């Protein structure tokens, strides 16, 4: 694990272990406060209450096995093979209980996967997505927020709107980054209420959903609702806006910390935004650009709510948040990758391409974790399975890429659109080749002394350019999609 055996912070693995130590040994009212027993500068809790409860549950089990694992103060930096086995088991159990069943049920519920074989292939491709495997089991994170979000999508696909609302509230109360998915959920459900009529069934549904959301949040936050200061302190920990647009970015003069492929960090190669613009202006700029980039998708989804449009909107909005929002982390690309996994059966070529790039964008982090071999094996396995299962190179026509309506709109203006499939295949091969070369160079070649961050910068900037093109693509698919209108008429 990154930071293993390296004081004073030891890495993300220690963060998860330390949260177990804090939640088990301290009263709830001290979990998010800086005290003599809880130094917030040392991996202080900065996720919502559900993460804290999960840490407490893991700590309770750890205490039964070996109390030294979570002993207050003395367990700091604790690393042993039995404890690593225990921690890895907790991630695997979370996968088995929440994420994997949701993936399997989702794939078997799709109309496009009419046979068990097709559903099994779809599930295999999603479960083989390298990014999630490497982050959850290599970098050490828990898949619960993405698992709950997937359960929410599954519930909405069956029109179980209240259960879907509960599931998404659980996702949001596990990790605040689920805000990346919040607008599509809000717009889709609001659009359904509008379609039913806000003077009749639609109003009843809206009130039920609102009540469900309020009740779900109330249950999750109940122990922290003793006074307003508790609530405000938790919120301050969840949204540390005083840190600036991005933390100690690797492209700045400070020591490398974050290596991510969003617009602000990539732009900082040329323009030192943090030195030119104040923190408050950075926040406003980030909010404005993010809002404008996702506005068309949200309007379309509200006016024409459909399950298909909802899934594409999840991709587009999450990608907008990743590219333009405030305080992004490289691992946040998983929030855009999950909904891409959900449409891999509809656009296998573009989905496979996106998921490869999303994993590649985290390469600097994965190399620091010592995951080069795991990265190489999982990437090759995923690409091989997708090529074999979906025959992705045969599905590059405008219709296969969901661009038929758009192609009809620009047919008279763009002469090269007829050769579009060949161009797309060539770009894909060029992209994969470039990612392979950069991965190899990053792993085995020492950069020039004058440019020590050459390879990480190249990875981040190239990934960012890919994501910008993907954002344009997904927005075009959504805005020119006539299937949404047809399916909505059938629902009505």
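The backbone N, Cα and C atoms fix where each Cβ goes, glycine too.
Any TrEMBL annotation is an automated prediction that lacks curation.
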May I ask you to indicate which of 61-84, 85-108, 229-252 is given in TrEMBL as transmembrane segment?
85-108
Looking at 179-201, 202-224, which stretch does TrEMBL describe as transmembrane segment?
202-224
Transmembrane segment range according to TrEMBL, out of 23-47, 148-172:
148-172
List, by number or range, the same-chain residues at least 6 past the transmembrane segment (333-360) whose CB is under 8 A from its CB atoms?
103, 106-107, 110, 112-113, 118, 122, 125-126, 129-132, 134-135, 146, 149-150, 153, 177-178, 180-181, 260-261, 308, 311-312, 314-315, 318-319, 321-322, 375, 378-379, 382-383, 386-387, 389-390, 392-393, 395-396, 400-402, 424, 428, 431-432, 435, 438-439, 459, 463, 466-467, 470, 473, 477
If I count Cβ-Cβ pairs under 8 A between the transmembrane segment (309-326) and each of 85-108, 120-142, 148-172, 202-224, 427-445, which range comes out on top?
148-172
Which stretch, 120-142, 202-224, 457-480, tops the Cβ pairs under 8 Å count with the transmembrane segment (148-172)?
202-224
